[in-house]
């Protein structure tokens with residue numbers, strides 16, 4: 001949802017709807033609704049499965065794999081690709097305008113390096129997500145948790161947490177507005193106390 005939100009604000013920077021204070025609430029509301037709807041099959045199984053006391057069905061494991069790995073990877077890949085295409089075309093328009101007015105200068109190299117940094121950043125987040133969630137999901141899907149060493153299993157279960165922290169820190173450090181807002185609030189709080 002963060003990537004989709006970022007794409008919409010980049011693609012439509014002048015749309016009033018995305019600049020209003022209600023947009024973050026709508027975006028968060030959509031995320032909450034999806035988060036509530038995703039576990040519905042689990043709840044149905046728990047109600048039925050508790051009465052029968054049977055093992056978790058394989059379709060539920062496949063559902064989990066698709067919901068936690070496949071769907072986010074596809075949505076992330078599509079959204080990041082669209083973000084990169086939008087930013088790249090914007091950089092080219094700016095570079096052409098600068099070249100038309102001042103002649104080709106180092107500004108073109110700057111926009112190209114900015115696009116390269118953006119692509120590296122997107123790939124980093126994408127790989128962090130894959131490394132964090134894919135091993136655990138594969139182990140749970142293939143039901144090989146019994147055959148994996150306990151220490152290795154414990155380490156693999158830490159990977160999603162580490163991946164989530166990497167994403168949170170990345171969003172904090174690369175979002176200038178959020179960083180500025182939080183540091184201002186922190187300094188204001190420390191100054192008052």
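Note: Cβ is positioned from N, Cα and C throughout, glycine not excepted.
According to TrEMBL:
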DOMAIN    1-174  domain 'G-protein coupled receptors family 1 profile'
TRANSMEM  21-42  transmembrane segment
TRANSMEM  62-85  transmembrane segment
TRANSMEM  122-142  transmembrane segment
TRANSMEM  154-174  transmembrane segment
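Taken as a whole, the domain 'G-protein coupled receptors family 1 profile' (1-174) shows an average pLDDT of 77 in this prediction. Same-chain neighbours of the transmembrane segment (21-42): 1, 5, 60, 63, 67, counting only residues six or more beyond its ends whose CB sits under 8 Å from a CB of the stretch.
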